[in-house]
Amino acid sequence: MAAAVGDSRVSAGKKLKISLRKKRMKMVVASVASELEDKDKDASDNEGSLGSCGLEKDHFSSGDEAVEADNEDEAEPREDDNDSAAEATAGANAGWADAMARILSKKIPESKPTILVRNKELEKEKEKLKQERLEKRKQLDKKREWEMMCRVKPDVVKDKETERNLQRIATRGVVQLFNAVQKHQKNVDEKVKEAGGSIRKRAKLISSVSKKDFISVLRGMDGSASEKNSAGKNSKAKQTEAKSEEGPGWTILRDDFMMGASMKDWDKESDGPDGSRLGCGSDSDT
């Protein structure tokens, strides 16, 4: 745009110069013509028709010279205009080429697309990256759901009783573990005392002690606890069996209800607690 504005200004200045030259030439021609007319008038009075013919020839010759001068002046600026226009176009093309070369030679960051082709490629790459991230997030969400499927956060306020039971179980387990450790240590100390002061026997005893011994002691503790629990359960079961062996107060609840009675005497069966038959029918007959 700046080059075009400069070219227009140059052409306008040249046109003004040409117009001023033309005006000057016209003024010169007019002054020469007026002088010739004055001379013609003077010569006409003295010489006559011959002088007038010569003046006409001079007038025409001067006019032709003026026209030729104008044509030459017009031809010269036209050539100058053509040369200046060619130079201006060449300069504009060179400037445009330089600007494009600078733009293309610049190292542009990927985040700022300046060319449409690069912009499209970057958009495609960004879409691919977004899809990959979404797929990874979906896979991670699935894994978390699978891991957290059976996990439930306990509510301490609502599950107070369950928490207390768990605490009791934990305390029992810890107490049992420490008791087993203490018992195992006592057993080892007793065996060492029995061995006496011999170092070999002590070394053999210490080497013979293994994890299995401790686990057996721990299992023995578990067995004793389980035996106690089983004994308590057996006593409770026996009590329930004794209660069940006792006959119910109502005869309908017995297992042998209506097993020995005949169907004809069904209306004579009493609903009393003693199970005796009432002879209502016989009394009424008598």
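Placement of Cβ uses the backbone N, Cα and C atoms for every residue, glycine included.
Listed features, source Swiss-Prot:
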| type | residues | note |
| --- | --- | --- |
| MOD_RES | Ala2 | N-acetylalanine |
| REGION | 33-93 | region 'Disordered' |
| COILED | 112-148 | coiled coil |
| CROSSLNK | Lys112 | SUMO2 cross-link |
| CROSSLNK | Lys183 | SUMO2 cross-link |
| CROSSLNK | Lys212 | SUMO2 cross-link |
| REGION | 220-286 | region 'Disordered' |
| CROSSLNK | Lys243 | SUMO2 cross-link |
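For Lys183 (SUMO2 cross-link), other Cβ atoms within 10 Å of its Cβ number 15. The local packing around Lys212 (SUMO2 cross-link), expressed as other Cβ atoms within 10 Å of its Cβ over all shown chains, amounts to 8. The two recorded residues, Lys183 (SUMO2 cross-link) and Lys212 (SUMO2 cross-link), show a Cα separation of 14 Å. Look at Lys183 (SUMO2 cross-link): DSSP puts it in a helix.
In three-state terms derived from DSSP, Lys212 (SUMO2 cross-link) belongs to a helical segment.
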